[in-house]
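Worksheet: the structure to be examined is printed underneath.
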Amino acid sequence: MQKEVSRAIKGTWILTIASLFSELLSAIYRIPLQNIVGDRGYFIYQQVYPIYGIFSVLALSGLPVVISKTFAQQQTMAAKHNLLKKTFIILMAGALVITGWLWFSAKYLAYLMGDPNLYPEVRVVALTFLLVPFEASLRGYFQSDLVMEPSAISQVSEQFFRIVIIIASALMFGHGILNVYQMGTLANSGAFIGGLLAVGILIYTFLKNKQTDPDPKKADKTIRLEHGLALEIVLIVVFTGITIFYQFIDSFSTVRLLLHAGMSLGQAEIQKGILIVVNRCYS
């Protein structure tokens, strides 16, 4: 019992440090990004950020926490593997629906955001939801055994690689290689590419440490997913993503209101970029 408590405390510290380091990286890159691409460029990149924010909540915190609770109730390793398959299938079905909806409605969403040219960014961010089943199910699997290192390493690696791509796209824009919309699309693709790295780390760790039960028939004793699991997931996503909800409102309203007030699209985007920077400084 004492050993499990010690592992739980150690795991909590590992995840906390990883989260803080990821947040630090996320805060630091914004300074050179804004200085290189300017206020309008920063707006172009940031306008679809709330969509990525939803992915981040689902893959890093919301789903793994809830899923790990169900994994911890399984009495055999075979039952855990059986549940892992079921969880992955359910999450992948949801991910395909969300990705498909975002992909095919990207032009309309970009129009609602005030700039129809943003639709490639919406589509590239939509692809990140295809990674949620891998990241959420495997992180939940590891965390149910109080093994936090794979979650922490994958999280930091994902964030670091994402930031490398963001800064690289900004530098390419600064040297005239990319226009502002191409820069925004490439920068936002960092979330998907970094996510692929995280998935690779999680799958490698899972296969390397995969354990099996001596009696495969025990897999039939898998404890079913709780009826209230869906509600619990929704509640966690809502409470952890409340800030993202406000950013969504901002993304779909500010530029359109500025355009309605008589500003040109370029002026409205610059003003929105300034507003984002000021908001980040005081948040």
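The backbone N, Cα and C atoms fix where each Cβ goes, glycine too.
If you check TrEMBL, you get these features:
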type: TRANSMEM; residues: 12-31; note: transmembrane segment
type: TRANSMEM; residues: 51-71; note: transmembrane segment
type: TRANSMEM; residues: 83-104; note: transmembrane segment
type: TRANSMEM; residues: 124-142; note: transmembrane segment
type: TRANSMEM; residues: 163-181; note: transmembrane segment
type: TRANSMEM; residues: 187-207; note: transmembrane segment
type: TRANSMEM; residues: 228-249; note: transmembrane segment
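Beyond the transmembrane segment (124-142), the same-chain residues lying 6 or more positions past its ends with a Cβ under 8 Å from any Cβ of the stretch are 48, 51-52, 55, 58-60, 63-68, 70-71, 80, 84, 87-88, 91-92, 94-96, 98-99, 102-103, 106, 148-151, 154, 185, 188-189, 191-192, 195-196, 198-199, 202-203, 205-206. Sequence-distant contacts of the transmembrane segment (12-31), counting only residues of its own chain at least 6 positions beyond either end whose CB sits under 8 Å from a CB of the stretch, comprise 42, 60, 148-149, 151-153, 155-156, 159-160, 163, 166-167, 277, 280.
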